[in-house]
Ligand SMILES: Nc1ncnc2c1ncn2[C@@H]1O[C@H](COP(=O)(O)OP(=O)(O)OP(=O)(O)O)[C@@H](O)[C@H]1O
Ligand SMILES: Nc1ccn([C@@H]2O[C@H](COP(=O)(O)O)[C@@H](O)[C@H]2O)c(=O)n1
């Protein structure tokens, strides 16, 4: 595991250059158990640093809604807390990145298993600049998921237990893989420390190298509340 931090910190000493559909892209994977707060913190990062947030789960749910031929299969996998075949998810992520005018992406909830990881790297030739790992206890994640109230078919206790099992068996090995490459920045999550973490996160970002200089100016303005 790389440097352990107690805040949702972003460290990118070197931004890896990847090409996608002719454009150079920066990709950060955001991983963690179900309900660990990935989506919530991605929204904070987007707000301050102009990344585009791509949630694999949201893309799959949109695919179900679109009436796609894969819709029923995806819905069944989600209800069972299982991982959808890589080719389906990678196609959705690739399409979203190519369609976007941005070149910096937070990819949330992907790669979910070794197959996801290897297939993405083979197909897109993209390596993440780093991986943010939200480390949260199952007790806390369960509490959050049961209180989320967004009408998700998988936020019930039976599916939540299955999702935890999938996370431990299939997703943790992905984090270990990137950890062995020193690419993982672990965020220790704690409900009571929420505000403190967010402040530390902003301070950390403020001094991070890849955000020099215009991003830092924007962050300073955001913190000071000036336009
Ligand atoms: N630090 C926090 N303290 C308390 N509640 C939180 C915190 N962060 C997020 N939450 C709440 O927990 C729930 C789950 O958060 P979020 O949707 O961000 O998790 P996630 O990791 O993206 O989940 P999933 O993988 O299931 O999509 C939401 O209702 C959110 O408002
Ligand atoms: N790479 C992925 C990501 C998600 N899924 C399926 O979607 C469900 C919900 O994902 P969230 O990230 O929104 O929690 C997840 O439990 C999987 O069933 C997937 O298959 N592959």
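FYI, residue positions are counted from 1 along the chain as it appears here.
Cβ coordinates come from backbone N, Cα and C, glycine included.
According to TrEMBL, the ATP binding site annotation covers 35, 36, 37, 38, 39, 40, 148, 191. Secondary structure from DSSP puts residue 39 (ATP binding site) in a helix.
Residues annotated as ribonucleoside 5'-phosphate binding site in TrEMBL: 61, 82, 83, 84, 109, 110, 111, 112, 152, 163. In this chain, none of the residues that are 6 or more apart from residue 152 (ribonucleoside 5'-phosphate binding site) has a CB less than 8 Å from its CB.
Taken from TrEMBL, the feature CMP binding site covers 116. Taking the Cβ of residue 116 (CMP binding site) as reference, residues of its chain lying under 8 Å away and at least six apart in sequence are, in sequence order, 83, 86, 89, 90, 110, 174. DSSP gives residue 116 (CMP binding site) a helix state.
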Can you give me the Cα-Cα distance between residue 36 (ATP binding site) and residue 109 (ribonucleoside 5'-phosphate binding site) in Å, rounded to a whole number?
11
Inter-residue C-alpha distance, residue 111 (ribonucleoside 5'-phosphate binding site) and residue 39 (ATP binding site) (nearest angstrom)
15
Any idea what the Cα distance is from residue 37 (ATP binding site) over to residue 61 (ribonucleoside 5'-phosphate binding site), rounded to a whole Å?
18
Long-range Cβ environment of residue 61 (ribonucleoside 5'-phosphate binding site), under 8 Å and at least 6 residues apart
78
